[in-house]
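To start, the structure under review is shown below, and the notes come after it.
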Amino acid sequence: MVSWAIAVHGGAGVDPALPVERQEEARRVLERCLQMGATALRAGLAAVDVVEMVVRELETDPVFNSGRGSALTRKGTVEMEASIMDGRGRRCGAVSGISTVKNPVSLARLVMERSPHSYLAFDGAEDFARDQGVELVDNSYFITEENVGMLKLAKEANSIMFDYRVPLTGADTCSASAGLVGAKAEGVLQMNGLPISIYAPETVGCVVVDCSGGCAAATSTGGLMNKMNGRIGDSPLIGSGTYACDACAVSCTGEGEAIIRSTLARDVAALMEYKGLGLQEAVDYAVKERLDEGKAGLIAVSGNGEVAIGFNTVGMFRGCATEEGFMEVGIW
Ligand code: ASP
């Protein structure tokens, strides 16, 4: 028997000027999800069921950038993405370009369990969703007033984009690398060429190790605000944004292009499997050595019940809970 553990995230790259009410709202949602996951784990649910359930909850709440409340493409539409991986047998499923499915993470699970494939996108994924009878909603369900306003700001910001980068110091990092590099324009931190305040870095993810030592990970996102139509980020890419095996489960968040370049989630697992590193050591190494400064973060659990967090952005919405009764939610 292993002590279960769960971690959730609601995105890396938090705006340092984020209003307190918004911080509290995010903390409340993360706490609710952790409690929900902990109750399910106490009842003996398998890791893969728990990550799907928690991510569905996050997709349904418009507070983060997944499902309802997803970031918008430059055409003002949603193209959501999600993935899920069960460490037991390394089974996985992923979807991209989703615009009518209420819970993309559950569609990813159906790809894993009921299709001969691992990854379906756009029309093919929507056809599969209809065949499977998943809950569909009108595209407008996903589009919040707040995000329409953010898209407008993002378009304006892109037209005045600054392209020089300076190191910023004094950022409070969690357990990973110190220091931060971002583009600074009149004090505005940028990611992917957008001020962090409108970049919508609030992808969600969940990793779980259950009491039999089974690990699973799931990640879901609307992607980047003002992204090109057809853009695919790290979140649905197994090995980049999501990975699970017997050793660990990992879910990443931040600038997808940087996470893809570093195959971040798989690197954490490979460091454990091939180099024999412990979970936190592997997370620290991957964040420090593989990831561009100031770009992303991740949550991870190991098959023997450990939980680890690492990021090199100013903040990351995150939380974790363990069977021993430990529970923590943090932003900075
Ligand atoms: N990684 C996501 C993407 O690039 C964004 C995020 O994590 O907030 O689509």
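From the backbone N, Cα and C atoms, a Cβ is placed for every residue, glycine too.
Unlike curated entries, TrEMBL annotations are predicted automatically.
Note that the structure is a prediction, hence the values are computed from the model and not measured.
According to TrEMBL, the feature active site, nucleophile maps to Thr203. According to DSSP, Thr203 (active site, nucleophile) sits in a coil region rather than a helix or strand.
Sequence-distant neighbours of Thr253 (substrate binding site): residues of the same chain at least 6 apart with a C-beta under 8 Å from its C-beta are His9, Gly11, Ala12, Gly13, Pro201, Thr203, Val204, Gly205, Thr219, Thr221, Ser235, Gly241, Ala296, Gly297, Leu298, Met316. What TrEMBL lists as substrate binding site is Arg231, Ile232, Gly233, Asp234, Thr253, Gly254, Glu255, Gly256.
Ranking the binding-site residues Asp234, Glu255 by other CB atoms within 10 A of the CB puts Glu255 at the bottom. Annotation: Thr203 carries the greatest number of neighbouring Cβ atoms among the recorded positions Thr203, Arg231, Ile232, Gly233, Gly256 [cut-off 10 Å, Cβ to Cβ]. Packing around Gly254 (substrate binding site) is summarised by its Cβ count: 31 other Cβ atoms lie within 10 angstroms of its Cβ, all protein chains included.
In three-state terms derived from DSSP, Gly256 (substrate binding site) belongs to a helical segment. Looking at the residues that bind substrate per the record, Arg231, Ile232, Gly233, Asp234, Thr253, Gly254, Glu255, Gly256, the two CA atoms farthest apart are separated by 16 Å.
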